[in-house]
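Annotated features, as they stand in TrEMBL:
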TRANSMEM  A:12-33  transmembrane segment
TRANSMEM  A:53-75  transmembrane segment
TRANSMEM  A:87-104  transmembrane segment
TRANSMEM  A:110-128  transmembrane segment
TRANSMEM  A:140-159  transmembrane segment
TRANSMEM  A:200-220  transmembrane segment
TRANSMEM  A:249-270  transmembrane segment
TRANSMEM  A:300-317  transmembrane segment
TRANSMEM  A:329-348  transmembrane segment
Amino acid sequence: MSKMPKWADTILIPLFSILLAFFFSGLVIFAIGKDPFNAIMVMIDGAFGSTGGLGYTLYYATNFIFTGLSVAVAYHAGLFNIGSEGQAMLGGLGVALVCLFIPFGHWTIALPVAVIGAALFGGLWALIPAYLQAKRGSHIVITTIMFNFIASALIGYLLTRVLKVPGAMSSETARFPESTHLPTFHEMLAPLGIMFNKNAPANLAFVVALVACVFFWWLIWRTRLGYQIRAYGQSESAAKYAGISPSRIIIITMMISGALAGLMAINNVMGEAERLIDNAVEGAGFIGIAVALMGRNHPVGIILASILFGFLYQGGAELALWEGIPRELVVVIQALVILFTGALDNMVRMPLERLFVALKRKEG
Amino acid sequence: MVTRTAEGRQETAASFAPAPTVPYAIELKGISKSFGPVQANKNIAIKVAKGTIHGIIGENGAGKSTLMSILYGFYKADSGVIEIDGKRVNITDSSSAIAAGIGMVFQHFKLVENFTVLENIILGAEDGPLLRPSLSKARKLLRELSDEYELSVDPDALVENLSVGHQQRVEILKALYRQADILILDEPTGVLTPAEADHLFRILEGLKTQGKTIILITHKLREIMEVTDNVSVMRRGEMVATVKTADSSAEELAELMVGRKVLLQVEKTPAVPQDVVLDIKGLRVVDGHGVERLRGIDLHLRAGEILGIAGVAGNGQTELLEVLGGYMAASGEILMQGAPLDLSGDASDGQTRRARGIAHVPEDRHDEGLILDFPAWENVCFGYHGDPKYQKNALFMDHKAIRDDAKGKIERFDIRPANCDTPAKSFSGGNQQKIVLAREIEREPALLLIGQPTRGVDIGAIEFIHQQIVALRDRGAAILLVSVELDEIMSLSDRIAVMFDGRIMGEKLPQETNERELGLMMAGMSTPQKDA
């Protein structure tokens with residue numbers, strides 16, 4: 001028996017959660033003697049007020065869409081992939097190897113190959129924990145967390161010992177050749193007569209992310225594999241009854257999940273940095289967990305949640321820059337949003353459900 | 001009714017005065033409870049006299065469980081009054097129910113498996129921070145009770161090593177340790193052998209003699225007739241009648257439950273068995289703990305017959321079905337129409353089996369047969385999701401074809417609500433079972449595995465489901481029926497095999513055996529003495 005209409009579940013609950021988070025963030029800002037209303041205006045203006053700010057917001061959002069989809073696809077199979085962070089790091093390695101060592105004439109050729117490289121490296125990185133879960137029963141949450149550390153160490157090693165440009169001071173690869181440069185929003189929109197800030201990092205990868213969302217929707221709700229993934233995620237015993245092999249679903253789903261996380265590198269490595277640097281993922285893999293949770297594991301929700309977190313990242317940076325609000329406090333605000341939308345979901349849900357039950361009874 | 005009250009403290013009062021002046025053990029007045037738009041209990045009134053066994057009977061979803069949950073403090077009634085011993089009480093949670101003298105024995109036991117009997121009994125009712133005083137108090141009580149009521153259980157045994165019947169006794173002892181005067185038992189015989197059930201009824205009789213009041217919730221008419229003094233019938237959230245059991249009959253109670261005349265007997269013609277479809281030889285299963293669950297099963301099954309597997313739950317029937325369904329590993333040999341089946345237990349073989357004409361209605365439709373959160377239409381292709389008729393092309397499933405198929409099945413099997421977008425969890429037990437049955441039977445399988453076909457299904461739907469099974473048999477399918485309901489086995493099967501402890505104890509023809517004999521076999525006694 002559904003206690004609430006669907007629209008309330010998908011729209012009202014996240015909305016209330018965000019408002020609550022903003023309310024408490026406001027209290028925190030007020031407590032350090034700043035004006036919360038001014039702060040929110042600075043954030044909104046910084047994130048959406050100019051094409052420069054918007055470019056950053058969408059750039060961050062692109063990262064979160066990929067990692068959010070990664071977490072969500074695993075979640076549909078009942079698997080909690082905490083390893084999107086590490087998988088995205090490996091995706092970066094895949095992109096870097098493709099861009100550095102295969103000569104491309106033009107980005108249109110480089111992009112599909114880089115997509116394959118990113119997906120393959122991310123997917124294979126997820127394969128190991130998936131195999132251990134499927135065949136050996138090692139819990140995927142533990143192994144994927146551990147694999148984040150291994151990924152970080154591996155990339156660190158490669159960047160300082162193997163891929164580093166000899167004589168350079170920083171631990172990063174050489175810059176990718178000019179022919180692998182992905183069009184930025186500025187370059188994409190200028191022919192249409194729309195002026196977009198030249199320095200904003202948003203690039204073609206945003207479009208790739210939207211394509212990934214469509215792919216995700218098709219996969220989960222239109223294909224037989226998606227049907228099997230959802231069935232397994234709902235009930236392992238039912239899946240077995242129906243002739244769905246659990247180990248097969250675990251391995252395939254986790255590889256798709258890893259591949260989606262790996263694709264993030266198209267944005268941050270190929271589209272923005274144009275070289276592989278250390279810690280390029282910057283926690284986007286973990287934000288992906290919150291994004292998937294808040295977006296109800298649906299691509300549309302994930303896009304919206306990604307833009308919200310993009311806003312928090314970009315607006316938060318502006319807040320730190322212009323208002324003298326410490327960077328740490330911005331992290332507190334982000335944490336409050338995650339806390340209220342994710343962990344405290346039931347706090348909002350329960351009273352709302354009760355309200356709807358009461359309303360229904362009045363009607364009936 | 002008062003005259004039937006046995007010896008006890010209340011006896012003197014009861015013998016002078018008619019009902020009104022004697023406080024009832026429990027009196028419920030005008031209890032109503034709604035869940036959203038569904039009214040689970042409508043203005044329920046019930047009076048339970050002290051020192052009686054009072055049956056509450058009704059179909060699934062009639063509101064029995066809700067009413068008992070209100071009485072035990074799991075739910076709060078929207079309106080109404082609960083009186084115990086004539087005093088109004090406010091039951092807000094299970095501890096206030098316990099304080100009011102109510103004890104509950106749930107259908108699914110709430111015991112800590114790796115605790116001893118004594119530890120389980122005092123759990124949550126310890127007298128202080130140190131366990132020893134409580135343990136010795138419980139040990140003393142246990143000794144008294146086991147003498148009085150045949151409630152003997154080894155106090156130091158680990159619960160996980162006890163039989164189901166003994167575990168149930170621990171639940172009863174738990175309630176008595178908490179000084180319950182009113183004992184509620186919810187479907188207590190579901191997991192017991194007939195002999196264990198008889199023992200339970202003797203315990204209940206003994207408790208009644210001591211002045212305890214017992215409420216027995218069941219859907220088994222036979223038990224009601226056997227042990228209760230009075231019986232209340234619930235239907236669709238309402239209390240439709242309370243009668244003296246002695247003045248009523250099983251037929252009358254069934255009619256009261258359903259609201260119309262029902263056939264308690266299945267109508268079928270004698271079977272015409274054809275070729276052997278399924279041949280099982282020396283089937284063995286060892287579970288993850290190294291325990292042998294099937295110890296060499298030999299069975300064969302012919303087209304056009306129903307082979308009933310009788311037995312108490314947990315004696316290997318589930319494993320047998322899962323091996324045949326392809327998702328439990330086994331050793332031995334199974335021939336399906338002469339060709340061997342893969343016994344590796346790799347679930348992906350389930351697809352091949354379905355293609356070879358093995359359909360399976362699993363014992364547990366919530367856990368296996370359905371994806372509860374999926375809408376009905378996504379459930380009608382479950383297990384057959386690889387069938388070409390459900391595919392649009394190599395990549396995508398054909399949602400329209402699946403939905404059309406679902407709509408047809410809903411109509412032909414009279415599934416309600418007739419809406420294929422409704423999630424499976426929102427259907428009643430009977431309609432959920434019809435979804436599974438429609439899916440499996442309409443494949444026209446050569447072999448149908450069917451476990452507990454009518455568990456949690458209302459009487460009206462039972463009739464329909466039984467007819468469908470018999471009709472499938474008459475169309476030439478071989479049917480392997482597993483059920484813990486002996487009545488169902490007796491009335492549907494053309495041949496009966498009894499399972500105990502992973503073995504087949506013997507085969508009987510239904511017309512040549514009776515419940516007593518089968519009951520003995522179910523308890524592990526083979527029948528060499530059979531009229532020899």
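The backbone N, Cα and C atoms fix where each Cβ goes, and this holds for glycine too.
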Same-chain residue ranges lying at least 6 outside the transmembrane segment (A:249-270) that approach it to Cβ under 8 Å: 59, 62-63, 66-67, 69-71, 73-74, 76-77, 79, 81, 83-85, 87-88, 90-96, 99, 110-111, 114-115, 118-127, 129-131, 133-134, 140, 176, 180, 182, 203, 205-206, 208-209, 212, 216, 219, 225, 228-229, 232, 239, 276, 280-281, 284-285, 288
Non-local residues, at least 6 beyond the ends, that sit with Cβ under 8 Å of the transmembrane segment (A:12-33): 39-40, 294, 301, 305, 308, 325, 329, 332-333, 336-337, 339-341, 344-345, 348-349, 352
Whether the transmembrane segment (A:87-104) meets the transmembrane segment (A:300-317): three or more C-beta pairs under 8 angstroms: no
Dominant neighbour of the transmembrane segment (A:300-317) in A:53-75, A:110-128, A:200-220, by Cβ pairs under 8 Å: A:53-75
Distal contacts, the transmembrane segment (A:53-75) - CB-CB under 8 A, six or more residues away: 45-47, 81, 84-85, 87-88, 122, 184-186, 196-197, 199-203, 205-206, 209-210, 212-213, 216, 219-220, 229, 233, 253-254, 256-258, 260-261, 263-264, 267-268, 271-272, 281, 284-285, 287-289, 291-293, 295, 297-299, 302-303, 305-307, 309-311, 313-315, 317-318
